[in-house]
Amino acid sequence: MTTVDFYKYQGTGNDFVMVDNRQQVIDPNDIPSVQRLCDRKFGIGADGLILIQEHPDYDFEMVYFNSDGSKSLCGNGSRCAVRFAEFLGIVSKSTHFLTIDGGLYAEITPAVIRLKMPDVTTTERIGEDFFINTGSPHYVQFVDKVEATEVFDAGRAIRYNERFKAEGTNVNFVQQLEAQSIFVRTYERGVEDETLSCGTGVTACALACSLNEMESPVKIKTLGGLLEVSFEKNSSEGFQNIFLTGPAEQVFSGKINI
Ligand SMILES: N[C@@H](CCC[C@H](N)C(=O)O)C(=O)O
């Protein structure tokens, strides 16, 4: 058994255990330990675990795990990882860092992390819904009253339907509030529950709104706080210069046995 220093971060209520793994204190292939650290009863508890590691070509590498140990791109996790890298003295003002989806760029201010998301080249319309990959796969469904939506049951039904059950998908429910403002609730694959906010999810929702003629930037209310997504739409229903902006903060630190 070894004792590991950890930090806890949250980005609009999407919460992550962070470990400075530059000295390889955690084996990234030890999935049972990832699951236990994220367990809210038997571990620290989080939607995901993030390891900060050295990389020869980038300021740092972010290794992200969902709480079940699976991997994908995490927008809020990326913003929190940048804040953690700033705390560790690895970066300041701006950074290029490596993720599972390649290199990403972010700008750092005391209030927010402004993250440049991967370009989106294809979008799919499914009736009045959309399926958009913003680094992670997202199903987007528009609803009249998102507060009254049964996000767990309705999200799970789509995530495990015939089309998506093998690979999985995140499922977002979106209500338009004002001209350029929406309220989003998300069922996340890999957490297999509703989370308070999902960065790649709200990004997919903003792009879906754009396909329905909403202009950039889009302000997004989530159960965990406010985010903003800006973008440029191209002629073939793709998007570039996509930025996800919002707060990311350290909430506590400690030691845990693994
Ligand atoms: N919460 C994340 C998304 C994390 C990945 C997702 N659960 C998946 O497996 O696709 C975010 O902020 O983007």
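Every residue gets a Cβ built from N, Cα and C, even glycine.
Just so you know, TrEMBL annotations never went through curation; they're auto-generated.
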- prompt: Out of ASN14, ASN21, which is the one TrEMBL records at the substrate site of ASN66, GLY75, ASN76, ASN170, GLU188, ARG189, GLY199, THR200?
  reply: ASN14
Query: Cβ within 8 Å of the substrate site's Cβ centroid: which residues qualify beyond ASN14, ASN66, GLY75, ASN76, ASN170, GLU188, ARG189, GLY199, THR200?
result: ASP47, GLY48, SER72, CYS74, GLY77, SER136, THR186, VAL191, THR195, CYS198, GLY201
- prompt: Cα of ARG189 (substrate binding site) to Cα of CYS198 (active site, proton acceptor): how many Å, rounded?
  reply: 11
Other C-beta atoms that fall within 10 angstroms of the C-beta of THR200 (substrate binding site): 29
